[in-house]
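Q: My questions will all concern the structure given below.
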Amino acid sequence: MDHIDKKCSMNAIVGTTNAGKSTLINMLVGRKVAAVTPKVQTTRVRMHAVLNNENVQLIFIDTPGIFSPKTKLEKFIVKHAWMSLKGIENVILLLDVKNYLNKHIEKIISRIKQSNINAILVVNKIDMVSQALVDKAIEYMYSLHNFSKTFTISALHDIGLNRLINYLCEISPSGPWLYPEGQISDAPLKFFIAEITREKLFLSLHHELPYSLSVVTEALEEKVDGSLIVKQVIYVTKDNHKTIILGKKGEMIKKISIESRSELEKILDLKIHLFLFVKVRELWQDHLNECVGYVE
């Protein structure tokens, strides 16, 4: 297919923490490319996820939730969220309908207005509330901004996503694809593998741990038999956080390792040898490049 016949668009997904951005990304692409947990602020850097639909390539930018930053890490997170609005065709404001009065919504809409980018409202989690509440949330959102289009969905249960995809394909401009066919994400393998382990940590310990932990994939080594050795360091800020992750007689970290390895083997279709280490680094949030690997 000649590139003249092709269409391509960049679509940033923004919203408050836990609006369901990563779940939506994964459902749209049809494969896990972003960590999904009930803990707020699990997306830390911008990531491109790719959906090819016939002659159209839709690129979705998974962004951190918008919140009030305090530490250097949090400021970094928010800065990169807003950077996602540069050079794109559409901004999708994903709204948790149960939390439509969130105090950060107006701030997000203010930045969207400044960007002068086509804004689409996507109301999520409609399966959890009444239609009356959905209507009330939409009315409130339109009192803040005149969105070009509105969709009501349940990302978790794949309700309403086809209508959103069809609309984005319809309005995408003509142009060459930015990613080769078959590629679903621009996340480096080390980062992607770390995200899987970080997800398992939050799912197992989100009631006990803050989000201020990081997983770094320090080494990947392919063995002769084709299997992959993965060595990861889990950075925490306090000794008691390390104790929680290790668990009694090492049972918790063993559980997390098994769950992470199992999912990685399923996704990568490889035998994985996963080694997890836990290190305490006070205020690691202020040493991003040293122990987290973020690059501005």
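Backbone N, Cα and C atoms are what each Cβ position is placed from, and that goes for glycine too.
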Q: Using Swiss-Prot as the reference, determine which range in 62-65, 238-241 is annotated region 'G3'.
A: 62-65
Q: Which residue counts does DSSP give the region 'G4' (124-127) for helix, strand and coil?
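A: Its residues fall into 2 helix, 1 strand, 1 coil.
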Q: Can you tell me the three-state DSSP label for K21 (GTP binding site)?
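A: Once the DSSP labels are grouped into three classes, K21 (GTP binding site) ends up as helix.
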Q: Over the domain 'Era-type G' (7-174), what is the model's mean pLDDT?
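A: Mean model confidence (pLDDT) across the domain 'Era-type G' (7-174) is 83.
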Q: By Cβ count within 10 Å, point out the most packed of the binding-site residues listed: N18, T63.
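A: Counting Cβ neighbours within 10 Å, the top one is T63.
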